[in-house]
């Protein structure tokens, strides 16, 4: 073979200019865990049914032993109007339910029993009812305050927790959205089940040590309501009023503004259970939405950025976009721009998370302020109008759905916020920051530069009006202010009419932008209205919140519950007094010193009862709870209190006198 023929078969220079081989995209196959999902749900559903039957029998026996009639207490797994109970069990179960809702919506198979995709909508409806029924025993096991219930709750929570962890260890990667999305999305659910797995054994241990109260009606016997009444009846120390009229310093105002967004617990105030559940579910919703927004977009942007090659130069040339004559340079520019898009998107999601966290913290502060205001009967400052605090059909419907609405509004608001923030940051980066750094594509600056006479005219017109108003048209005389040079004022307002029209156009655009941003930022909050005060009723979120407050205040007022607790306590003391009479008849005499102490304690008790009764009668938020005030019209109430000038004023005076006589007789008897 000749040398020329050998050179023809020489392939040594084939790979000199070859492009580097790209790593193949990882393909995640479907994973079936060892603990089959369908089989597990069949078994756990049967176990849950057996647990419910056992709890029903225990509840029936407990009611018979307490001489109570009616349906079993299991129909009410938790008392949502009890502010003194342990909130952890209900909060954890609600967190598990919301995590299952997120996974169910994104899954192709909402129900674990079937793999059918054709009728997904119908299976979705069934799943919305199945999962609350499945996790119902986890909440019901803590209702009876019984050791058997705690044992069953421990077994159920351990089973759910163990199987879920087993499944995630078997299949950490799934093809759903992102390979680790299912794993990260289940972390809140794992945390809630872990809390239940720890809390039920702890309650069982307390029950065995007799440190856990076994009375289901411990709400009224709690010291929380008595402490609340003691605080409001306690004489407040007179505050020193400073004679100086100077405004607070900037540092003080900034400190107060920061404090208004930080929730600090108080000893004599406890959040209602519904609000506690809403806050925790809102935090879980915030995490789930952030995870979904990141996992659903960033992997796609990574794939697009890795797939950019020299063909992108021909694609851009088809749209008459020439970034560079060198195709490798075009690839680097496009990859850099895509990287900037990723940074903008991550910044938008981060900003949305921070804004929603800030709004949630502010909402917690306002929740407490509104509840305490309504406890005092100050409905005018809370609702901005006169409203009666009493249950109603729409109020009850809104109270039932408050927690769900809060989570839904937060999810929707976060999605819209991320989109708007992403667009704003994208425009700022590609129209302002990158052109300034690279000195190219200064289109926005060219447009602004060509219109500089127009902007200068508007600025000068606004500046002239402010300066003239400050030094020419306002006269200070003897501490008062009045208009001056009225002729010049009228002339200037006429001359600048057309210029002010153009300023009005700019201000109108700015008004639209500010209003849209404000509503978007506060979309996840229900404690403020996004509409004007006159049309607040058309804001479904604020309307739901207002009705929720009505139910909470009318049914869980601390003063009312303290009064009911004292009534129960006095009925128990009647039995003790009868026993003392029998002991006295048998010849048992008490020491004289003890008699004096009893007299002093009885006097203090009577005085406390009288103060509580007087507060109960005159509390504006409890006026609607008295039967003979149910027929009063709304015009008879001023800020929740009965008007003394109304025609029914005599009824109110009579109602005050009657409890007064009762209190005096109680004090005399004691």
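The backbone N, Cα and C atoms fix where each Cβ goes, glycine too.
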Transmembrane segment according to Swiss-Prot, located in which of 242-262, 305-325, 326-346, 347-367: 347-367
Identical membrane-side domain name, residue 296 and residue 479, from Swiss-Prot: no
Given ranges 381-401, 402-422, 423-443, 528-548, the stretch to which Swiss-Prot attaches the annotation transmembrane segment: 402-422
Matching range for Swiss-Prot feature annotation, transmembrane segment, among 62-82, 146-166: 146-166
Stated Swiss-Prot location of transmembrane segment, expressed as one of 4-24, 88-108: 88-108
Region 'Disordered' range according to Swiss-Prot, out of 485-515, 640-670: 640-670
Stated Swiss-Prot location of transmembrane segment, expressed as one of 275-295, 569-589: 275-295
The topological domain 'Extracellular' (423-452) - residue tally per DSSP class, helix then strand then coil: 25 helix, 0 strand, 5 coil
Intrachain neighbours beyond the topological domain 'Extracellular' (167-182), with Cβ under 8 angstroms and 6 or more residues off its ends: 26, 28-35, 37, 103, 106-107, 190, 291-292, 295-296, 299
